[in-house]
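S.K.: Quick one: structure below, then a few questions.
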Amino acid sequence: MLDSKLLRTELDETAAKLARRGFKLDVETIGKLEEQRKSIQVEVENLQSTRNSISKQIGQLMSAGDKEGAEKIKQQIGSLGSDLDAKKIELDAVMAQLDDIILSVPNIPADEVPNGKDENDNLEISRWGEPKSYDFELKDHVDLGEMGDGLDFASAVKITGARFIVMKGQFARLHRAIAQFMLDLHTEEHGYTEMYVPYLVNADSLFGTGQLPKFGKDLFHTEPLTEKASDEEPRKLSLIPTAEVPVTNLVRDTISDEADLPLKMTAHTPCFRSEAGSYGRDTRGLIRMHQFDKVELVQITKPEDSMNALEELTGHAEKVLQLLELPYRKVLLCTGDMGFGSHKTYDLEVWVPAQNTYREISSCSNMWDFQARRMQARFRRKGEKKPELVHTLNGSGLAVGRTMVAILENNQEADGRIAIPTVLQKYMGGATHIG
């Protein structure tokens, strides 16, 4: 969430920055609430000061042996206490309204993020690789998978429902190989520590990374979600929409040493999304699923290092595509297409031949201090007493299912076989083709 001080001292400037991403900050309501807060705060402080002064008088009278005088003044203390409690309740109510507003406010975009309404206004930064030309009729990954009896959508529908998949044989092995390759690359060459994390998380974790309270409908919950998780209600949990949630929350309520930063973590997990609002989109194939695997990259950095870290993290995701020899493009998301908590985001879009277009396969974001403030994730500089908020970054490195789509379609051959990328062959028992 944003620093509440921005709504107190830079309200108009903050509203103008948020307007770039199409968000209208209710300046009038915030201004009125802030005036109420200041007024009530002054009353609370005056009542506290008066009570302290009277308490001091009582102590002096008691020391002087004037018990009768002390008792008379004590009656005033009782009345002041009631008034003070009432004002504190008023103050809490106003603060709660301000907190509700702050929690609904997205992150401020970086200055270099282009203005825009939607994905059509994103800025292409670069391209890598050239889409192949084929002298035969292309098949999409669904047809290729069904030809090889490796992608079984019908069984998944029977077992669970739409937007799920059963993989078999070499297709299942390819799916596993892709994830293993990504983890090995990121841990052995890019310096990430592999993490195994829970696939179920509590409400505090989802609040920390920004999914709650705004995006609860996009999640799968084991039971109706409570605002606060507790040991007495351990089953009121949610399936993770991304490993970003459990991995980033590892630093919640912690103070790291400056020397330990940056923290670089990676995890391979299934991800679960209800895809609310996407009815009718990408209904065929593996592009948009309720359950899909992803290798996530997370970095925790000092504030001054986070922008360089975003370039590095994005480069790590790009390296996966380059080693797999998959054509892709890198785009800088415009203000209208950014995620709720993002300060700056790059998308990597891989070439999907059957659709004759580029499709998102990775989203890499600098969340600035937006998540850290929610999580109270901090660090302490050497020689300093006061801790500071860290910056958090995350990105897909990559989405496994969409990577598989790209491999199947880009590497198909005229006889229906699929060429296995060289870097994956050792994970496939030395096989060079599927089919």
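Just so it is clear, glycine is given a Cβ too, placed from its N, Cα and C backbone atoms.
Copied straight from Swiss-Prot:
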{"type": "BINDING", "residues": "Thr242, Ala243, Glu244, Glu296, Ser396", "note": "L-serine binding site"}
{"type": "BINDING", "residues": "Arg273, Ser274, Glu275, Glu360, Ile361, Ser362, Ser363", "note": "ATP binding site"}
S.K.: Between the Cα atoms of Glu360 (ATP binding site) and Glu296 (L-serine binding site), what distance do you get, rounded to the nearest Å?
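M.R.: Cα of Glu360 (ATP binding site) to Cα of Glu296 (L-serine binding site) measures 15 Å after rounding.
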S.K.: Which of the binding-site residues Thr242, Ala243, Glu296, Ser396 has its Cα closest in space to the Cα of Ser274 (ATP binding site)?
M.R.: Thr242
S.K.: Where does Ala243 (L-serine binding site) sit in the DSSP three-state scheme?
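M.R.: For Ala243 (L-serine binding site) - judged by DSSP and reduced to three states - the answer is coil.
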S.K.: Work through the binding-site residues one by one (Thr242, Ser274, Ser362, Ser363, Ser396) and point out the residue whose CB has the fewest other CB atoms within 10 angstroms.
M.R.: Ser274
S.K.: Based on Cα distances to Ile361 (ATP binding site), point out the closest of the binding-site residues Thr242, Ala243, Glu296, Ser396.
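M.R.: Of the binding-site residues Thr242, Ala243, Glu296, Ser396, Ser396 has its Cα closest to that of Ile361 (ATP binding site).
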S.K.: Given the binding-site residues Glu244, Glu296, Glu360, which one has the fewest other C-beta atoms within 10 angstroms of its C-beta?
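M.R.: Result for the binding-site residues Glu244, Glu296, Glu360: minimum number of other Cβ atoms within 10 Å at Glu360.
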S.K.: Quick one: pull the CA-CA distance for Ser396 (L-serine binding site) versus Ser362 (ATP binding site), whole Å only.
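M.R.: Distance between the two Cα atoms comes out at 5 Å.
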S.K.: Just counting, how many other CB atoms are there within 10 A of the CB of Ala243 (L-serine binding site)?
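M.R.: Taking all protein chains shown, Ala243 (L-serine binding site) has 26 Cβ neighbours within 10 Å.
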S.K.: Taking every protein chain in this structure into account, which of the binding-site residues Arg273, Ile361 has the most other Cβ atoms within 10 Å of its Cβ?
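M.R.: Result of the Cβ crowding comparison: Ile361.
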S.K.: For Glu275 (ATP binding site) and Glu244 (L-serine binding site), determine the Cα separation and express it in whole Å.
M.R.: 17
S.K.: Looking only at C-alpha atoms, tell me how far Glu244 (L-serine binding site) is from Ser362 (ATP binding site), rounded to the nearest Å.
M.R.: 13
S.K.: When you average the Cβ positions of Thr242, Ala243, Glu244, Glu296, Ser396 for the L-serine site, which other residues in that chain have a Cβ within 8 Å of that mean position?
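M.R.: Close Cβ neighbours, site residues excluded: Val245, Val247, Ala267, Thr269, Cys271, Lys294, Val295, Leu297, Val298, Asn394, Gly395.
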S.K.: Distance between Ser363 (ATP binding site) and Ala243 (L-serine binding site) at the Cα atoms, whole Å?
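M.R.: That separation, Cα to Cα, works out to 13 Å.
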S.K.: Can you tell me how far the Cα of Thr242 (L-serine binding site) sits from the Cα of Arg273 (ATP binding site), in Å?
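M.R.: Between the alpha carbons of Thr242 (L-serine binding site) and Arg273 (ATP binding site) there are 9 Å.
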S.K.: How many other Cβ atoms sit within 10 Å of the Cβ of Glu275 (ATP binding site)?
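M.R.: Around the Cβ of Glu275 (ATP binding site), 14 other Cβ atoms lie within 10 Å.
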